Amino acid sequence: MLRAEQDGADVINFSISSDPGWSGSALGVAAAKLAKKGIQCVWASGNAGLNGMFYADSDGTDPSVLSAGSVDSAGDHLAQMSLSTSDGSSFRVTTSRFFPFPSSLGPNSVYFTTDPLCSGLPADAPSNLHDYIVVCPRGTCAFSVKSATATAAGAAAIFFVNNVDGLNQPSGVNDLPYGAISHSDGKRLEDGTASGISYTATFPQELAYVPRPSAGRLTDFSATGPTYDMYYTTKLTAPGYNVLAPYPDNRWTVTSGTSFSSPLTAGSVALFLKAQADRGEKRDLQAMRDALFATASAVPYGSEGKNESAAGVGAGMLQVNNAINAGTKVTPSMITLNDTEHFQGTKYVVISNTGSTTNTYELSHQPSVLMYGLDSTRNKMADYPGLEHDASPSGAATVKFSRSSFTLPPGQATILLLSFAPPTGVDDSRLPVFSGQISITGGPVPLKITYMGAATKMRDLKMISNRPTAFNTASPALLQGVYASPAREGQVFKFSATSNTRDFPSIMFNLLTGTRAMVMDLVAADANLGFQPTFTKRDAEEGEEQTAEAEEEEESLEDDLVTSPFIEIGSDMAGSSSDLLLTPHNDLARRSARRSRHSARASANTQEKLRAALKLWCQYTNFQGRGCTAKPAANTNTFKQVPIKGNIFTWSDVSRNTNNIDGSDLSKSYTYVRLIAPQYNDGSRIPNGNYKFLLRVLRVNGNPALQSDYDSWASPSFRIGVGE
């Protein structure tokens, strides 16, 4: 980033991921500082969409940074293979991820087999496949294994038949030209081969174009936000699925990812900045961003006539030509309303007529679908395709305008007052996120203002899930080393030998909600903590029963747990010893306090009313009444009053665990910590004695200094008995 600034860059594109869930990453802060210098950074939103909401792994969350998600491209540009048959006919199939094919290919005889080529060639294969095109089914083993078999037999290229129609592209083949063909084309080859027909392949040097019915729809892998502090993680979308892109060695490839959406967005930024300069205007990145947001086209959802949530698509799909020629400025054109505890329901927007004609503008409200972050159990995040949407009127915010129609001559501006109220007919225990657009018509191009908020109090979110582990043990669980079996109450760990993988304590749990601070300390087994841990045995007993999915994972985890990713304490992988709890992290407390002065609370539930009533009672009785604790001293750090023996780890800005729906990384579906040596986080020796682990997870918007703002769990007791 520093080099790009030194080289005079105007726009910097990034395809770098970070731990998802929070704003304020180091790269994000650096990007915001570059924006103040007139350099616009653009980030890919990430490809973790299957993991559900609050999981966009992008650093582009600051309001001054752009971030791009993916929508499906208008169509596919595909290479072709032309097949001539021994009976005199011919046909073409679309194929491959690379174009053009090597000039050395074609004409080539085709060897088709229904054998997956996982254990060498079948007995009926030609004795010499030199210069043959091999076509085989995908599946059973890795693509690299199949291609190695073909390469060893002298084949010139290999193509894989998909098990469904479509061109899901293979990967991991390094030794041969390769590609995929659709299931129906593969069936045609299979039937012809069974009838005694032989094929010869040639490779035309032009691309076929196949329109895509889902063009402009949100791609399922595109990551979904927002952040837990209610910033947009995707602000714009651009084509990122099956994009025709340049590839090394003067080739082209059809590939996918938000890494292809962000350069399209970065290029659009460059076009806008060039247009600003051509009009003699001073560079204004905020005006550029507002124009891109205001002119982005809506991304439709389903067939209900609603649009996708701004949590997934931001303002919508990029329309840079409209942005450059909008003729009207809207500032701001993207706003956040926060959660119900810190709700910012009053917004002021400036509309300026920058064109040459008088315009009469009309305002209307189009709510987008509401999204639930938690599934119906409220014990795990909803993932794709189980991510639940509410397109009914009950999921819509109420919006009022100071004026719904007004006329502006050229060069004139007006200020509009917008008043928002969150939807009330929703289940606030399932983390509902609502959004929508205020449409503005009457100018040269249609415009809009995008808004988003959470119809819940984020501070009330459960932080630790009581879902059973994949081993059907209670969660969180104190385990014996790397093994799945729970540790016994009072079990002695001697750390006797590295070969004994049971002889140290470890814990496994599912972090349901990301957190600004997660701390695990060691406390005496008989310690009076001064509070009751929020996560009790009763919580675990109320956890959902083991699902079939968990049962399927159990064998895999049993086999792989010894070598799976984990956090080792007492090794070079030990966590940071920095004490982030001395001050409110990232100004979150100050920002929350500032927002709360302008907040409009939603209707409180029964528990909230009871807490409020108890607070008033205690104040009335000077904290002497029944149920009251001693009056807290001013600026008391109750977190630090807990009698710990020492810190095991202190982590900040921690991502939630996933359900591993995309199969990318099983270890992300749980948090697994091993104390492999009897050492505290600072490297000092833990004396022999009886202990418990105390895990504390700061709630969203919580005060790091208040113990009451943490979810907490105390493990079963155990003994460290080195040498005993």
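Quick reminder: no glycine exception, Cβ is built from N, Cα and C everywhere.
Since we're looking at a predicted model, the values are computed, not measured.
Taken straight from TrEMBL:
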type     : residues : note
DOMAIN   : 3-303    : domain 'Peptidase S8/S53'
DOMAIN   : 126-189  : domain 'PA'
DOMAIN   : 335-442  : domain 'C5a peptidase/Subtilisin-like protease SBT2-like Fn3-like'
REGION   : 534-559  : region 'Disordered'
COMPBIAS : 541-559  : compositional bias 'Acidic residues'
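Broken down by DSSP into helix, strand and coil, the domain 'C5a peptidase/Subtilisin-like protease SBT2-like Fn3-like' (335-442) contains 6 helix, 55 strand, 47 coil. When the domain 'PA' (126-189) is classified with DSSP, helix, strand and coil residues number 17 helix, 14 strand, 33 coil. Mean pLDDT, taken over the domain 'Peptidase S8/S53' (3-303), works out to 90 on the 0 to 100 scale.
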